[in-house]
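Quick look at what TrEMBL annotates:
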type     : residues                                               : note
ACT_SITE : Glu91                                                  : active site, proton acceptor
DOMAIN   : 97-329                                                 : domain 'Radical SAM core'
BINDING  : Cys111, Cys115, Cys118                                 : [4Fe-4S] cluster binding site
BINDING  : Gly163, Glu164, Ser195, Ser218, Ile219, His220, Asn296 : S-adenosyl-L-methionine binding site
ACT_SITE : Cys340                                                 : active site, S-methylcysteine intermediate
Amino acid sequence: MKKSIYGLTLDQLKEWFLENGQKKYRAEQVWDWLYIKRVTEFSAMNNLSKECIQLLEENFVIQTLKETVKQESADGTIKFLFQMQDGNLIETVLMRFKYGNSVCVTTQVGCNIGCSFCASGLLKKSRDLNAGEIVEQIMKVQEHFDAQQKDERVSHIVVMGIGEPFDNYTNLMGFLNVVNSQKGLAIGARHITVSTSGIVPKIYDYADEGLQVNLAISIHAPTNELRSRIMKINKAYPIEKLMASIDYYLEKTNRRITFEYILLHDVNDHVEEANQLAKLLEDKRHLSYVNLIPYNSVDEHDQYQQSKPEAIMAFYDALKKKGINCGVRHENGADIDAACGQLRSKQIKKEKKKATV
Ligand code: SAH
Ligand code: SF4
């Protein structure tokens with residue numbers, strides 16, 4: 001299969017041109033066509049020689065994703081379901097905020113971490129996405145804006161779709177380089193957030209990259225006993241090891257970390273857990289922000305319910321009282337299966353049903 005050209009960093013493309021007997025400035029011309037003019041055919045790149053276009057066509061593809069579903073919610077959230085070249089389905093979500101347009105990208109087909117509340121983890125990982133497939137999700141959403149001729153752009157990215165980004169580390173780094181590059185989409189590093197369930201060795205690596213990209217940690221529980229119950233990854237990387245890696249990250253980068261905390265009714269939403277969480281974050285509260293996430297119910301996980309609004313408020317108040325910065329995430333696209341992996345798992349179920357009738 002030909003490679004996706006979106007997966008190459010500018011330096012990699014320059015090198016490729018040199019190796020193929022071309023001048024390296026060709027790479028910048030190609031990037032201008034891809035990310036500024038945003039053409040989707042090599043033949044449209046009319047300042048390149050015929051030979052150069054042919055060489056590109058023989059070795060690369062530009063578009064590999066086919067849009068199969070586009071669901072728009074009343075609040076402007078749009079959920080896209082894409083089919084990849086091998087037939088696998090992935091989802092990408094566009095959320096509109098006052099501060100800009102944020103896209104949530106998928107990094108793997110399924111997820112092996114298997115958190116007990118998550119729709120993505122229901123389907124074992126069948127493969128990693130390559131860097132080009134992650135970049136192309138952004139290009140597809142940008143294409144949606146371009147088609148409306150409204151001069152809007154993707155300004156923010158959250159790596160919070162299906163998959164564990166730190167279990168696909170090299171492709172994640174390639175993706176971040178491409179979307180952040182000044183010669184390409186130029187999406188500011190501080191406008192990008194990567195979320196992990198806590199793959200400790202990769203948190204150390206990430207700290208060493210020296211990036212300005214934000215980090216979010218899915219913490220979801222303040223004690224090993226409770227966290228291991230809802231996230232089995234905690235057995236491999238328990239809270240003390242996780243916190244040590246976070247301390248290293250904070251020391252290296254001095255950048256604020258977001259802690260994500262899904263509130264599950266009567267599981268982890270008591271004031272006692274709020275106080276335990278506050279204690280856990282006490283020594284780093286000047287560099288912490290806790291994002292309280294109302295649980296989005298998943299059909300297959302009927303052991304969990306969304307916390308009551310009173311419990312959410314009490315949890316929030318308890319954190320605030322201890323001086324922890326926090327907020328409650330407002331639900332985007334509540335009417336369109338916005339929890340990660342939900343649209344995809346529904347679509348797969350539908351297809352299975354079709355196949356059996
Ligand atoms: N694998 C990474 C990134 C993708 S999940 C991680 O776990 O951090 C992104 C976020 O969506 C995580 O905080 C995850 O816990 C949350 N999430 C998963 N299922 C959810 C659900 N049913 N309702 C609300 N949030 C959910
Ligand atoms: Fe994977 Fe994240 Fe879902 Fe856990 S929450 S199963 S790590 S996608």
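Yeah, the Cβs are placed from backbone N, Cα and C, and that goes for glycine too.
TrEMBL entries are annotated by machine, without manual review.
Keep in mind that what you see is a predicted model, and the values were worked out from it rather than measured.
What TrEMBL annotates, mapped onto the structure for a quick look.
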residue : record                               : Cβ contacts under 8 Å, 6 or more apart
Gly163  : S-adenosyl-L-methionine binding site : Thr106, Thr107, Gln108, Val109, Gly110, Cys111, Ser120, Lys125, Asp128, Leu129
Glu164  : S-adenosyl-L-methionine binding site : Thr107, Gln108, Cys111, Asn112, Ile113, Thr196, Ser197, Ile199
Ser218  : S-adenosyl-L-methionine binding site : Cys115, Ser195, Thr196, Ser197, Gly198, Met231, Glu260, Ile262
Ile219  : S-adenosyl-L-methionine binding site : Gly198, Arg227, Leu242, Phe259, Glu260, Tyr261, Leu277
His220  : S-adenosyl-L-methionine binding site : Cys115, Arg227, Ile230, Met231, Glu260, Tyr261, Ile262, Asn268
Requested in this report: Would you mind ranking the binding-site residues Cys115, Cys118 by how many other Cβ atoms sit within 10 Å of each Cβ and giving me the lowest?
Outcome: Cys115
Report summary line: Filtered by Cβ distance under 6 Å to ligand 2, the recorded positions Glu91, Ser195, Ile219, His220, Asn296 reduce to none
Query raised in the report: What is the number of other Cβ atoms found within 10 Å of the Cβ of Asn296 (S-adenosyl-L-methionine binding site)?
Result: 19
Report task. Work out how many Å separate the residue listed as 'active site, proton acceptor' and Asn296 (S-adenosyl-L-methionine binding site) at their Cα atoms, rounded off. Result -> 17
Query raised in the report: DSSP three-state call for Ser195 (S-adenosyl-L-methionine binding site): helix, strand or coil?
Result: strand
Report task. Take the C-alpha atoms of Cys118 ([4Fe-4S] cluster binding site) and Asn296 (S-adenosyl-L-methionine binding site) and report the distance between them in angstrom, rounded. Result -> 9
Query raised in the report: Here are the binding-site residues: Cys111, Ser195. Which has the lowest count of other Cβ atoms within 10 Å?
Result: Ser195
Report summary line: Longest inter-residue Cα distance for the S-adenosyl-L-methionine binders Gly163, Glu164, Ser195, Ser218, Ile219, His220, Asn296, rounded to the nearest angstrom, is 19
**Report entry** Conformational class of Cys111 ([4Fe-4S] cluster binding site) under the three-state DSSP mapping
**Finding:** coil
